[in-house]
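J.: Quick one: the structure is below, and I'll ask about it shortly.
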Amino acid sequence: MKIELLSPHDVAAVLQIEQQANLYPWQQSAFLSSFADSYFSYKLLDNSGSIVGFYIAQLILEQLELFNICVAQAEQGKGYGRILLQHFLQEGAARGASEVFLEVRSSNLAAIALYQRYGFTKTGLRKGYYVSSSGKEDALLMSCIL
Ligand SMILES: CC(C)(COP(=O)(O)OP(=O)(O)OC[C@H]1O[C@@H](n2cnc3c(N)ncnc32)[C@H](O)[C@@H]1OP(=O)(O)O)[C@@H](O)C(=O)NCCC(=O)NCCS
């Protein structure tokens, strides 16, 4: 396995992973706008060089935000999410972050468990923030100190 910086050339591949893994995926435009200066994004490659997951982050001053983390559906449950989140936290710290924030759907128990495992705690709630199959769904705000 290898982790490398994500490039605009990877957008088609990560869009496909995103669409298969999420009911409400990011659009291509969101990925394309994630290469601005304050962002950093990495992809996880398997031994044949295929992308199995990625994350997209933004660092402003000492505040780090995780905007997206995703593992290809067929590759989930193999520890790749842990590899990506650990890399995100290490890379953020190396770039000078001291606090980390993220938002997650309140029904996304796999992601919430992953974040808690790495020290994130729930710090807030945005009521009805996301569209969901049952109408609206809350966003949990989570954070941790690096
Ligand atoms: C969330 C996600 C990135 C986790 O990646 P993954 O490679 O499947 O996770 P891992 O195999 O590394 O597991 C890491 C931890 O996540 C949690 N986890 C993973 N799958 C889980 C599940 N089905 N149920 C509960 N917890 C789960 C566990 O805490 C697990 O640690 P453990 O194996 O020691 O119990 C992945 O499920 C995904 O891409 N989901 C779709 C996109 C998404 O929801 N992203 C988050 C948006 S905020």
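For all residues, glycine too, the Cβ spot is worked out from N, Cα and C.
Pasting the relevant annotations from TrEMBL:
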{"type": "DOMAIN", "residues": "1-146", "note": "domain 'N-acetyltransferase'"}
{"type": "ACT_SITE", "residues": "GLU103", "note": "active site, proton acceptor"}
{"type": "BINDING", "residues": "ASN108", "note": "acetyl-CoA binding site"}
{"type": "ACT_SITE", "residues": "TYR115", "note": "active site, proton donor"}
J.: Just checking: which of the recorded positions GLU103, ASN108, TYR115 have a C-beta under 6 Å from ligand 1?
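T.: So the answer is ASN108.
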J.: How far is it from ASN108 (acetyl-CoA binding site) to the residue listed as 'active site, proton donor', counting Cα to Cα, in Å?
T.: 11
J.: What are the sequence-distant neighbours of the residue listed as 'active site, proton acceptor', meaning same chain, six or more residues apart, C-beta distance under 8 angstroms?
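T.: In sequence order, ARG126, TYR129, ALA139, LEU140, LEU141, MET142 meet the Cβ cut-off.
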J.: For the recorded positions listed here (ASN108, TYR115), which one has the lowest count of neighbouring CB atoms within 10 Å of its own CB?
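T.: With the recorded positions ASN108, TYR115, fewest surrounding Cβ atoms within 10 Å: ASN108.
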J.: For the domain 'N-acetyltransferase' (1-146), what does DSSP give as the number of helix, strand and coil residues?
T.: 49 helix, 60 strand, 37 coil
